[in-house]
Amino acid sequence: HTGRLALYLLGLRATCPPASPQRSLVTWLKYYLEEDWTGSRRHGHPLTSYYQYGLGVLALCVHHKRVREEVIRRLLTAQHHGRLGHGGNAVDTEAVVALAFTCLEQRRLVGTELAAELKAAARGASKSMAEAQGPDGIIGNIYSTPWALQVFLATGTCQTEPAFGQAMAALLENLEAFGTAATMAQVLPVLHGHSYLDIASMHCQEETDTLTPMDMEPLTEVPGNKTVQLVVECPLPWCYELRLYDRPVPAPAAASLLDVLWAAAALEPHGFKFHTQDTPQGPFLTQVLGLEARQEKRNYWQLLTAPDTPLQMGIADYRPQDGETLILRLSEW
């Protein structure tokens with residue numbers, strides 16, 4: 001609830017609505033932030049993740065709402081001790097938390113001493129993201145790169161940080177990866193030189209009603225079929241046998257990876273099974289052949305194209321080529 005409501009409130013604020021419908025939602029978000037932590041106090045981290053917790057603080061700040069210092073300190077402590085990777089991608093989480101810190105400091109919603117700490121923490125996050133940049137310009141993965149770029153923009157380091165230009169170039173080369181509403185919402189502000197913090201200073205009375213419906217052309221059907229080699233790998237210590245599944249799967253020519261998985265599940269004999277979880281970024285693969293990826297075990301189902309290239313898209317967005325070999329590999333993060 002925390003992360004989804006936070007994203008909804010950020011989007012709602014950007015549409016310049018009347019004040020009344022937001023108030024009760026902001027109250028609910030404050031409630032979820034407290035419940036998220038109270039329910040897991042003995043573990044020392046949120047029940048959801050620091051990513052969702054940071055999003056909640058960011059959304060409250062964008063709505064000009066003060067946050068209890070204890071709530072902010074939880075994020076500061078987690079960053080200081082390197083715990084932000086809990087329950088999600090570390091780059092995503094560090095970026096969201098840095099945006100929340102920058103918002104609180106710039107909107108003057110905290111005292112002078114805490115503001116100085118938050119500013120230093122955000123600068124530190126910006127530096128560590130630059131150090132995490134790969135040779136291809138991507139920071140973390142293609143979906144976390146817009147978050148990192150938002151931090152460079154919000155903290156003003158975009159003018160002096162070489163990683164900014166390299167990451168922006170990588171982003172422009174991979175725009176086809178952003179096919180869902182949630183991922184578009186992360187990348188669009190960056191393409192216009194903005195971050196989510198700019199939502200807080202929008203002058204809504206100056207907005208004109210210029211939105212018009214767009215006629216969407218239906219996707220053209222690609223005729224014919226294709227065959228994808230589907231491989232499932234489970235290395236030690238989780239399995240004694242590395243390759244658990246290796247079979248050609250026929251599918252329509254326009255099929256996504258998710259469609260290929262459904263086609264594999266329909267093949268006789270019915271030996272292939274999988275489960276997904278809905279997220280704001282689309283379906284996320286959680287279980288294959290009865291093997292479940294779990295946060296407490298620090299593992300996940302990595303998607304690769306043979307021999308060893310990680311996919312930069314989700315299962316619903318990636319469309320494999322005819323004859324391509326796709327590998328689902330249980331991996332550690």
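From the backbone N, Cα and C atoms, a Cβ is placed for every residue, glycine too.
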Mind checking which of Cys61, Cys158 has the disulfide with Cys103 in TrEMBL? Cys61
State the non-local partners of the signal peptide (1-21) in its own chain: residues 6+ outside its ends, Cβ under 8 Å from one of its Cβ atoms. 28-29, 32-33, 36, 46, 48-49, 51-53, 55-56, 58-59, 62-63, 182, 185, 196, 199-200, 202, 204, 207, 280
Go through Thr48, Gln52, Asn141, the listed binding-site residues, and name the one with the sparsest Cβ surroundings, counting other Cβ atoms within 10 Å. Asn141
For Leu303 (cyanocob(III)alamin binding site), the number of other Cβ atoms found within 10 Å of its own Cβ: 20
What is the separation, in Å, between the Cα atoms of Asn141 (cyanocob(III)alamin binding site) and Cys103 (disulfide bond)? 24
Given the binding-site residues Tyr50, Trp301, which one is most crowded in terms of C-beta atoms within 10 angstroms? Tyr50
What is the separation, in Å, between the Cα atoms of Trp301 (cyanocob(III)alamin binding site) and Cys61 (disulfide bond)? 35
My understanding is the cutoff is Cβ-Cβ under 8 Å with a sequence separation of 6 or more in the same chain; which residues meet that for Cys61 (disulfide bond)? Val67, Ala100, Cys103, Leu104, Arg107, Leu109, Ala200
